[in-house]
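Worksheet: the structure to be examined is printed underneath.
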Amino acid sequence: MSTPAIPQDLQLNPSQRTQSAFREQRRQKLKEHLLKRKTSFACKQENQMLLSDGDQRVRTSEGQIQEGKKVLKIKTEMADKENVGRPTGIKNNLTVEKNCIPLKPSNELTNSTLATDPPNSEDNNQTLPLLPVKDDPQSQHRTLSQTFHLKNNSKKKPVITEKPKHDANVPKKPVLGAYRGQIVQSKINSFRKPLQVKDESSATTKKLPATVSKATKPQPGDVSSITVKSDRASHMTSTTKFASTTSQIRHLVRPPIRSQHNKAQDAMKPGNSRMSANVTVQKGPREKELNTVLSGIKTSSSQDIKGDKTLSKSMAAGMVVRPASSSNTKLIEKSKSAGQRSHTTVKAAVDSRWTQPKETAEERKARLSEWKAGKGRILKRPPSSAVTRPEPETQNEQPVGSFWTTMAEEDEQRLFTEKVNKTFSECLNLINEPIEEMRHTIVDILTRKSQEKLKFGENIEETSAAEEKIQEAHTDDTGVDLESGKLEMENNPPRNVFQDCEKEQDDKVKDPTSDVKTPSTNTRAGCLIKYNVSTTPYLQSVKKKMQFDETNSAYKELKFLTPVRRSRRLQEKTSKLPDMLKDHYPCVSSLEQLTELGCETDAFVCRPNTALCGMFSEPDPTEEE
């Protein structure tokens, strides 16, 4: 079977890869890639060999660079539309290779150890040996300018490290009279009087223990060795100053005393600077440290003494032209006293610096008060105690008067509290143990009330007997009696509920048929009326108000009596009900039940219930013991 012919619309254009130009281009690319790998491999091998030797520099072969240039020319001549941006990238890569390969060993200057002496550090044009290090990954990408700066920095480092560290023993607080590390005699003379010292050697020996203790102070653990610093520079400056002063004195025939004194002060400055030089010792045993420190201090002190002697000799030689007078001797004495003062000031500064930590808080306060007194900052107080003597007397008189007034107030308060406590105790005793007189009064009140009720019942019987004895007429008579009783309740002052309760009981005893004709006749026969005994917060507040009234002081509690309707059937079964379903407040139907509840000393207020009969519709508050 033959393959079907593809229509012209669906045929693809012939690929450009089949063309000879593109094949040649791909062949050149492959050759370039292989050459690149070959050169990189050769460079790696050379680097490894140079690192193992440690003394040879890495150099690139000129043949490899020429081959790279040829490949670059071929790339630029080819016009490839698909790879327009490629030649520039390859060119950059080749230039990076060309620049970075010969400069590889120059970056080891940072990690190389250079052993150079300070005298030889002046030769800036000397070439330093290069020690290649494997640990520096950035060494492969450094330019010529970077290597040049690294060389200069490496040459400057030893010079910087050899500079003396003057900050090691400089005190934290500035020394009085010092200017730029040197003590100026003119500043000292402005605020300090010259101290009398026998000779200079005694001052230097006194300064010895302070410097020894400072030199033997423990250094940090990582410091391996400390170099002893020399005073060559200071000696040179001192000699030059001596020469200049002597020459000036010889030229002047009659120099003024002021200028000579200033020159003597200038000549003493190098000696002072020598005394304040730092003396440090190499790490070792304590005995060696002490010996070296002692020797250094002795040499410096002897040099100072020699300098002072030469100064005095030169001054004397310069003044030979002028006739001998007392001014020359005064000048020499002044120069000596200036030297002695400089030594004593250095010693005083050192001593004060070492004695400050031992000072206690009390000494500081005393020193502060003295300083304030010197400055005139003390609080002004009365000048004499004689003026202030009468003041305590007046102050004592005032408390005496206030004492008697407070005593009187305390007595009044005590009497008042005793009276109040007495009244409270009497009230409590009356509540707990009532007096017989009170009981008799209560009984009299109850009997009088009962007699009134009996009379009221007899009147009812007389009226009922006068009327017809028919049952209907009897019922009419009872209705009239009830209406008349209602009118009496409206017209008369409010009465106690106990009267109503006793009246009901009397009616029940005298006429058993009257139960049907009570106000509860309107309700069903299965219900009965009782009085609920309850209290409210309002009653408690009323009771507190009533306690202040003497007439009602006998009442213990104040409660409400409210008529309520209860079911007979449920009342019979209340004993079987749980406590949750029972009434929280007790209900009574007679005076005897109230006495059983222990409410003999309570006062009751009748609260009407509008849901029941009309007789309870109007509020009739009554109170009774």
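Note: Cβ is positioned from N, Cα and C throughout, glycine not excepted.
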Ranges 43-66, 67-90, 259-282: which does Swiss-Prot label region 'Disordered'?
259-282
Neighbouring C-beta atoms (10 Å sphere around the C-beta of Ser541 (phosphoserine)):
11
Let me check the 10 A CB neighbour count of Ser534 (phosphoserine). How many other CB atoms are there?
15
If you count other CB atoms within 10 A of each CB, which of Thr535, Thr536 wins among these modified residues?
Thr535
